[in-house]
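J.: OK, TrEMBL features for this one:
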type	residues	note
REGION	1-59	region 'Disordered'
COMPBIAS	8-20	compositional bias 'Basic and acidic residues'
REPEAT	112-154	repeat 'ARM'
REPEAT	361-403	repeat 'ARM'
REPEAT	443-476	repeat 'ARM'
Amino acid sequence: SAVAKTIKHYDKTGSHEDRHRKGRSKVTSAAEDKFIRSSSESEEDEEQPERRTESNTDLPSEYWQIQKLVKYLKGGNQTATVIALCSMRDFNLAQETCSKSTRNKEAIRKAGGIPLLARLLKSPHENMLIPVVGTLQECASERSYRIAIQTEGMIEDLVKNLNCDNHELQMHCASAIFKCAEDKRTRDLVRQCEGLHPLVTLLSQADNKQLLAATTGAIWKCSISMENVAKFQDYKALETLVGLLTDQPEEVLVNVVGALGEGAQKPANRATIRKCGGIQPLVNLLTGTNQALLVNVTKAVGACATELENMTIIDRLDGVRLLWSLLKNPNPDVQASAAWAICPCIENAKDSGEMVRSFVGGLELIVNLLKSTNKEVLASVCAAIAKIAKDEENLAVITDHGVVPMLAKLTNTTDDKLRRHLAEAIARCCMWGSNRVLFGEAGAVAPLVRYLKSKDSSVHQATAQALFQLSKDPNNCITMHDNGVVKLLLGMMGSTDEVLQEAAAGCVANIRHLALANEKARYG
């Protein structure tokens, strides 16, 4: 191909500077000879596509082009290396087939490309660094590359290049950090290499949307670690991020809102978002259609709602109604995120019972989501039902909508997150009419006893509370006893968790009272 011939030409002859470099040897080394021969062989292969196709019909031509380019990275001089790297990036990256193709990324890795890229990353030449980092940030979507970027010490180099003056290079570095910071080790390394402050500084480049998207993405993912959030607080990052909530492309908004949602896990930041006027633009974004943005904005609004002053604003802006309407969204990630956000809203609203009843069809909608097959949706909906059921009128309404048999049907799950919130919902729903009897008849008791064997202590607490409520019905006590609940609860009665301790003791007491009553009836 023309690219191969150009690279070969430059590799053999070198650039004008290479040819006149002082002390340059005119004798081609054995290694260079071997490289040139392998290059020639590659060219011959390319000129005979029929032979290649016959033996490897499942491999696209791009696979072989990548393999060839990596050979030039291994053995070429500086000019040939730059051309090879640029050629890698010249493939149409919008298609599955340089480095968005999983197969090509694997080909680069197997050909020994990662340590080569790590070595090239230390180059002082920006024209070299741009294609190197560009290739890395594309490949960083693969976990094997992310681990290698950590272990090969590349995070320090990426951080160093955030401080350069080249916006394209900064963008690629930030994008690589964005993808790599999915892993905690990377998030820690970015902080330890003092990379958080340069990221905040780059937020000032608001006119460069590509750079802004990469930078806000890196800040979002780094914010998953609370140690980094504390640093971002010191650098006043949240104030700047709130200012980016309007008049930005959706790609930027997804990242900005994601970062705010993580930052809002800390109480001080929830107040900062409010004081900077961030609540209204966040609520306004609940009316959008971008699924990734909706997932992030519901999380951010939910985190803000845990503070009473914020909740007052959210309620006034009709934010809870907007969250409830997102339960109709066909995307289960949006449904789950909306349901999680509804929980603190109900918890902190002035008259949550009346607010929930004001949503026409809202209670029926949330109960029907218990038919979902998505575990995250089920866990979040159970958590919301536990909050809703604190109001007696609303508990009566969801009972009429069949909440008891639907919750009972889910009890055979082995998912601890779902178990915890399901047990909470059952405990609350037991407090209306004959619901505790109905749970027993629906077969919910025996599976709940098995939850006590979970390794998750939060499951124990919720389960003990549910069993305590259920144990107020004699038939449920018999079922529990037959399934060995007493031995499990006796150990938990000595727990340092007072809520668990009290619930376990109450359940055992109810079982014991029933046993004593039976003995008295039998023997007088």
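Easy rule for this one: first residue shown is 1, then count along the chain.
Cβ from N, Cα, C; glycine included.
Values in this document were obtained by computation on a predicted structure and should not be read as measured data.
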J.: State the mean pLDDT for the repeat 'ARM' (361-403).
T.: 96
J.: Please report, as numbers and ranges, the same-chain residues at least 6 past the borders of the repeat 'ARM' (443-476) whose CB is under 8 Å from any CB of it.
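T.: Distal contacts: 407-408, 411-412, 416, 419-421, 423-424, 426-427, 430-431, 436-437, 483-485, 488-489, 492, 495, 497, 499-500, 503-504, 506-507, 510-511, 514.
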J.: Using DSSP, how many residues of the repeat 'ARM' (443-476) fall into helix, strand and coil, respectively?
T.: 24 helix, 0 strand, 10 coil
J.: Going by DSSP, how much of the repeat 'ARM' (361-403) is helix, how much is strand and how much is coil, in residues?
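T.: Counting residues by DSSP class gives 34 helix, 0 strand, 9 coil.
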